[in-house]
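Under the heading disulfide bond, Swiss-Prot lists C367-C441. If you look up Swiss-Prot, you'll see 141-183 marked as domain 'P-type', on the strength of sequence analysis. Residues annotated as domain 'ZP' in Swiss-Prot, with sequence analysis given as evidence: 188-465. Per Swiss-Prot, the feature N-linked glycosylation site maps to N71, N202, N219, N314, N472. The O-linked glycosylation site feature in Swiss-Prot is assigned to S292, T302. As annotated by Swiss-Prot, signal peptide applies to 1-17, with the evidence given as sequence analysis. The topological domain 'Extracellular' feature in Swiss-Prot is assigned to 18-509; the stated evidence is sequence analysis. Per Swiss-Prot, topological domain 'Cytoplasmic' is recorded for 531-534. Positions annotated as transmembrane segment by Swiss-Prot, on the basis of sequence analysis: 510-530.
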Amino acid sequence: MWLLLQLVWLCFLLSLGLNSWHQSKVPEYPDELRCGLRSFQFTINPLSQETETPPVLVAWDNHGLPHSLQNDSDCGTWVSEGPGSSLVGEASYSGCYVTEWESYYIMTVGIERAGVSGSGAFIETKLFKCPVNLPDVPNAGLCDSVPVWDRLPCAPSPITQGDCKQLGCCYNSEEVISCYYGNTVTSHCTQDGHFSIAVSRNVTSPPLLLNSVHLAFRNDSECKPVMATHTFVLFRFPFTTCGTTKQITGKQAVYENELVAARDVRTWSRGSITRDSTFRLQVSCSYSASSSALPVNVQVLTLPPPLPETQPGNLTLELKIAKDKRYRSYYTASDYPVVKLLRDPIYVEVSIHQRTDPSLELRLDQCWATPGADALLQPQWPLLVNGCPYTGDNYQTKLIPVWEASDLPFPSHYQRFSISTFSFVDSVAKRALKGPVYLHCSASVCQPAGTPSCVTLCPARRRRSSDIHFQNNTASISSKGPLILLQAIQDSSEKLHKYSRSPVDSQALWVAGLSGILIVGALFMSYLAIRKWR
């Protein structure tokens, strides 16, 4: 019997060692992404220089199912070993694992790495995102030809290579100024309605006279360069100044301006000459005429009298998704789409925007999810019904109290809840629908805050009604972007194409089988010994 106990204990220890592969914490690691003209080009580095095993890559298709990422010309993927146990990969924008969302190509990659000194394995999902219309990124010659002492910062550090390239600038992670302008003309339009134009003196041959470069229609003090060096001149000005013209073409609002450079002309009694290049640059920015990011002409006048304590006005709401249950940080518009595994928690916050009346209390009426940005799109799934969790869900929505002791200025202006992520299912084919999931809520404001009439009571059991009815005097709000929900590798119930099961799983099965044989054998030997003794 003592031998039997030893065998059982040995199997238990082996199982703990194998299970630690699933429980390790994911560390930080440096990786690189380059947005090519036709494909993602990325490098996945090992966790440590001491690690000799390269990471293992997994990609998810449009149905949320995982596949081993390997060389596959049909799916447009190529993977090879790089220096120092790293992996170099490429994925075509038109391949099996890339989705076009708004103005970006997106791809989710799962990375399994071996820990330092064989301490276990780590898995993390990584979202690759590249713009559909890439800006004109300067080539290596235009970047390397700028001396270090003449480099003009394009964006403050730290900045990723992808973000720097989106600005059309040069990138070198080993320099103090990692993102800088190349020897060309670099222009971009900001979301707050400004032109940003950098001109290199070497954009023409012979070089420009930088001190003569100016806006063609206005040369006021506010229209002069904001920065000038021996090699570069930088202009930054609003669309509403410096002679900028505006035209509405269809659904597009186009803002245009022009830069010119004077020439040094030498004159004598019999003629004039110049050795300078002709330079005339027209820049334009296009915005959707219906976009909320469209710049507006704002005039600053004398301050109006203070607003009364209570006044009628439009109800403006904001729906945000927090990065963790503490609600310390939130996903911004640039973070979408947010990638989550099925059943992962999503922490939602709805708040009253731009109101300072402490007597207001926000009440959530209905909250629901759709597979598209349209709040009325079908199918739908209820999250909150009349302010209470929908009881027809086996993973019910959880209401999260906003305490008075929180650091929020007006706690009654906030409502929070969490949901477990899910995927919509085709009611006919009984298969998970591909595509994103959007969240929506309708809400109203109650006064005075804290009174019984402003409190929503949720009984233990409610009628399973999933109909969404909008009440009068309510406002609706939607998430800033979609959620992409993936099927977990370990939970996949379907046979995965091109994906082999983890060697750890096969080892676990082998240990379990061997344990069973040893236990049965030990019991049988004990039985024979007892029978012989009798």
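Backbone N, Cα and C define each Cβ position, glycine as well.
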If I take the Cα of C441 (disulfide bond) as reference, which of the glycosylation sites N71, N202, N219, N314 has the closest Cα?
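Comparing Cα positions, the candidate nearest C441 (disulfide bond) turns out to be N314.
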Any same-chain residues 6+ apart from N219 (N-linked glycosylation site) with CB under 8 Å of its CB? Would you list them in sequence order, or say none?
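The answer is none.
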Just the number: how many Å between the Cα atoms of N202 (N-linked glycosylation site) and N71 (N-linked glycosylation site)?
43
Under a three-state reading of DSSP, tell me whether N202 (N-linked glycosylation site) is helix, strand or coil.
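DSSP call for N202 (N-linked glycosylation site): helix.
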Count the Cβ atoms, other than its own, that fall within 10 Å of the Cβ of N314 (N-linked glycosylation site), considering every protein chain shown.
6
Roughly how many angstrom lie between the C-alpha atoms of N314 (N-linked glycosylation site) and C367 (disulfide bond)?
20
Looking only at N71, N202, which of these glycosylation sites has the biggest number of Cβ atoms within 10 Å around its Cβ?
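When each Cβ's neighbours within 10 Å are tallied, N202 tops the list.
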Between N71 (N-linked glycosylation site) and C367 (disulfide bond), how far is it from one CA atom to the other, in Å?
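Rounded to the nearest whole number, the Cα-Cα distance is 43 Å.
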Long-range neighbours only, meaning 6 or more apart in sequence with Cβ under 8 Å: which ones does C367 (disulfide bond) have?
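The list for C367 (disulfide bond) reads V348, V350, P382, L383, L384, T397, F417, L439, H440, C441, S442, given in order along the sequence.
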Just counting, how many other CB atoms are there within 10 A of the CB of C441 (disulfide bond)?
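Other Cβ atoms found within 10 Å: 24.
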